[in-house]
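Student: Copied straight from Swiss-Prot:
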ACT_SITE  Glu284  active site, proton donor/acceptor
BINDING   Phe249, Ile250, Ile251, Gln256, Gln257, Lys258, Gly259, Leu260, Gly261, Ser262  acetyl-CoA binding site
COMPBIAS  387-399  compositional bias 'Basic and acidic residues'
REGION    364-399  region 'Disordered'
REGION    461-508  region 'Disordered'
SITE      Trp178  site 'Interaction with histone H4 N-terminus'
Amino acid sequence: MSGDDDWWTSSNEALLVSLVTPSDTGVKTLDTFHPEYTNNIFGEKEQIFGYKGLRINLQYNASDMLPNLKVSYKKKYQPTADEEALDINEVLSEFLPEIAFQKQSDFETRLKSIPDNWTPPGTLVTSFTNKDGEYEVYSGKITDPAVKQLLNRIQILVPFFVDGGTPIDMEDPDVDRWTIYFLYNKRPLLNQPDKFSYHFAGYSTLYRYYAFQPPAESESKTPTDTPTFSVDGDFDLDTLPCRTRISQFIIIPPFQQKGLGSRLYSIIYQQYLKHEPTIELTVEDPNEAFDDMRDLADLAFLSKQPEFQALKIDTSVEIPEEGKAPSNIVDQAAWEACRKKFKIVPRQFARVLEMYLMSQLPESVRPGLGAPEDEDYEEQSGRSKSKGHEKALPKPTPEDEHTYRLWMMLVKRRLYVHNRDALGQLELKERREELAKVFAGVEFDYARLLIKAEEQGKLAQADGETAGDQVPATPSAANGKRKLDEVEQAEGTAAASSKKAKVESGHA
């Protein structure tokens with residue numbers, strides 16, 4: 001290819017997504033944003049060859065997300081025998097419906113033909129009021145033509161905002177297993193308070209995996225017995241036990257940083273908590289931002305449930321001098337019953353429970369991000385020293401230390417099981433050091449999330465939002481608590497092993 005850098009353009013910078021509405025002069029732009037990723041579309045380097053002054057404007061009608069692609073440039077590379085400018089329309093035709101390539105005039109005409117009483121496709125699930133207005137959530141199946149049409153228009157957002165994300169195959173024979181949730185901002189029309197416009201804010205896709213449930217054991221069963229399964233011709237597959245997986249989850253940039261992701265996730269979770277065939281709600285390859293949002297939402301919900309609140313550290317458990325960590329630090333039967341009731345996968349439930357139990361530790365031993373007098377307090381916690389938390393750290397009692405050690409062993413036991421293969425490659429001393437290092441990282445992360453939970457709880461009170469709108473306050477993770485570097489030091493954390501065994505924190 002040509003070595004002239006002037007002919008290369010960043011696809012992330014060149015591509016602009018615009019949300020528009022019809023106006024007397026054509027279209028009015030409401031919001032614009034760039035994609036985070038274009039590597040799945042334009043290649044790993046996210047570069048487009050063959051243009052100078054390139055602009056790719058993907059316009060969307062803000063309501064029904066009717067797309068229109070406009071490509072403009074100042075100069076185009078003249079093709080040679082060896083190379084030519086990239087055909088942008090051809091590349092994007094694999095990600096956009098044919099209607100996206102209509103003339104601008106046809107696009108504007110279509111916008112004006114959309115009725116004032118247009119509503120999103122699917123069934124209205126719920127509505128709620130946020131700080132910036134009213135929102136509605138709709139759900140539907142891809143087998144609904146209107147749902148399929150909207151999804152087909154917006155699927156390019158997946159490679160735009162999910163690294164490595166791929167659109168749903170609309171022709172898959174199992175397409176009926178997908179359920180789509182759309183989030184819309186509902187706004188009253190100017191001078192027409194009884195009429196509303198809808199503005200697309202985000203969506204999520206969920207897929208059902210059928211889950212075989214073995215029959216209960218009986219005394220009469222013999223080793224030669226084989227379970228049988230038969231259905232009549234009218235059997236509804238939707239009634240089979242399943243694991244429902246959140247596959248894609250996108251809030252578009254103009255609606256981010258408003259707490260809408262947490263709201264949508266919580267609404268979806270509540271829907272499947274009531275959905276009898278679903279035995280677990282799982283998440284496919286979440287990124288760090290989604291992990292944080294999910295952790296806080298799960299913590300907010302579970303910490304209000306009596307069954308979850310009843311899960312406590314049994315301080316009567318004795319700590320062995322050597323050997324395995326005790327398995328009865330928390331009642332395992334109650335743990336599993338609670339997890340199944342709330343349909344959360346084992347690893348995620350364990351993490352949220354560990355976080356909650358950490359918030360319940362005696363103040364003298366509860367880890368945090370440091371105290372206000374520490375030099376790095378503001379950097380670590382994101383709080384101003386002037387906002388207080390001047391309370392002195394109480395001296396831990398032997399009982400306090402015992403409780404903390406039990407909690408630490410509970411967490412380390414899970415981390416060891418999760419990383420058994422990697423840790424098994426290390427010598428005993430290195431294994432302990434590596435496990436201590438991972439534990440300290442998990443402990444730090446929990447402290448960070450508990451601070452977020454506390455601050456979101458305070459914001460909910462200040463904004464006057466209804467109960468459940470935000471994460472409730474939890475015991476402070478930075479109110480004069482032991483600094484985590486002290487915990488690391490106490491645990492003998494060392495540098496990473498030269499054997500480079502990959503040991504993970506075990507996030508779901």
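Numbering starts at 1 and runs along the chain as it is shown here.
Even glycines carry a Cβ here, placed using N, Cα and C.
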Student: If the acetyl-CoA site is taken as the center of the Cβ atoms of Phe249, Ile250, Ile251, Gln256, Gln257, Lys258, Gly259, Leu260, Gly261, Ser262, which further residues of that chain fall within 8 Å of it by their Cβ?
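Tutor: Surrounding the site, in chain order, are Gly202, Phe255, Arg263, Leu264, Met293.
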Student: Return only the integer: C-alpha distance in Å from Gly261 (acetyl-CoA binding site) to Glu284 (active site, proton donor/acceptor).
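Tutor: About 16 Å separates the two Cα atoms.
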Student: In the three-state scheme derived from DSSP, which category covers Glu284 (active site, proton donor/acceptor)?
Tutor: coil
Student: Enumerate same-chain residues with a sequence separation of six or more from Ile251 (acetyl-CoA binding site) and a Cβ-Cβ distance below 8 A; give 'none' if the list is empty.
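Tutor: Sequence-distant Cβ neighbours: Leu183, Ala201, Gly202, Leu260, Gly261, Leu264.
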Student: When you measure from the Cβ of Gly259 (acetyl-CoA binding site), how many other Cβ atoms are you left with inside 10 Å?
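Tutor: Counting Cβ neighbours of Gly259 (acetyl-CoA binding site) within 10 Å gives 21.
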Student: Just the number: how many Å between the Cα atoms of Gln257 (acetyl-CoA binding site) and Trp178 (site 'Interaction with histone H4 N-terminus')?
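Tutor: Roughly 28 Å, rounded to the nearest whole number.
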Student: Just to verify a number: CA distance, Glu284 (active site, proton donor/acceptor) to Trp178 (site 'Interaction with histone H4 N-terminus'), in angstrom, no decimals.
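Tutor: If we compare the Cα positions of Glu284 (active site, proton donor/acceptor) and Trp178 (site 'Interaction with histone H4 N-terminus'), the gap is 14 Å.
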Student: State the Cα to Cα distance, in Å, between Trp178 (site 'Interaction with histone H4 N-terminus') and Phe249 (acetyl-CoA binding site), rounded to an integer.
Tutor: 13
